[in-house]
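What TrEMBL says about this one:
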type     : residues : note
TRANSMEM : 12-36    : transmembrane segment
TRANSMEM : 56-79    : transmembrane segment
TRANSMEM : 91-110   : transmembrane segment
DISULFID : 148-181  : disulfide bond
TRANSMEM : 209-234  : transmembrane segment
């Protein structure tokens with residue numbers, strides 16, 4: 001009876017671990033899709049962002065790939081019921097958990113500093129508009145994608161080289177349709193986005209950070225559960241081997 005009870009308990013733990021591994025895999029896929037989609041949408045605007053901000057999607061994607069690889073390794077370990085592989089899987093889970101906590105804590109601590117740096121750098125970038133093709137394309141893409149104009153608002157262009165020379169804002173500040181847009185700041189402006197890009201970009205980044213945070217909390221809970229289940233499974237397997245001996 002005791003042996004049957006142990007077998008049922010082992011089966012229950014394994015099923016729970018399979019569900020946990022599936023959770024890892026789904027979380028990894030979500031992180032990769034989110035990281036890649038952010039990378040694709042903002043690829044032309046990274047020149048406007050700081051290196052720290054532009055590196056976030058890459059970090060998220062890499063973590064997603066690592067989680068998928070780890071879930072695959074965990075699945076193989078469970079299929080084989082190999083104690084050494086399960087121990088290694090537990091250790092890797094612990095390392096990844098610590099890494100995620102460090103990355104999350106660092107991101108939280110430096111997020112306000114990142115916003116301040118982003119705001120200052122954005123104003124500097126506007127002064128290089130029309131002088132460098134890469135920056136011009138990046139600013140135009142950002143203003144078009146986020147339906148915004150300038151850093152804080154459209155009047156920021158008055159303090160730029162482009163604004164002083166042309167007394168206007170770029171056509172990328174226009175709302176749709178562009179044909180009815182008046183960009184000349186010496187006239188009554190019509191059809192341009194008056195809200196600045198910094199606030200819109202900041203809100204967009206924070207929404208995605210919140211999404212990452214939600215997935216992160218789910219992952220931390222799943223990893224803690226996985227470590228505990230692996231420990232219990234290893235204990236059961238050890239007892240089974242001892243009873244056989």
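Just so it is clear, glycine is given a Cβ too, placed from its N, Cα and C backbone atoms.
Curation does not apply to TrEMBL; its annotations are automatic.
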Quick one, of the disulfide-bonded residues 148, 181, which Cβ has the fewest other Cβ within 10 Å?
181
So if I exclude everything within five residues of the ends of the transmembrane segment (56-79), which remaining residues of that chain have a CB under 8 angstroms from its CBs? That is, six or more out.
14, 17-18, 21-22, 24-25, 27-32, 34-36, 38-39, 42, 85-86, 88-89, 92-93, 96, 100, 103, 107, 205, 212, 219, 226
Per the Cβ under 8 Å criterion, with at least 6 residues separating them from its ends, the transmembrane segment (12-36) contacts 57-61, 63-68, 70-72, 74-75, 78, 208, 211-212, 215, 218-219, 222-223, 225-226, 229-230, 232-233, 236
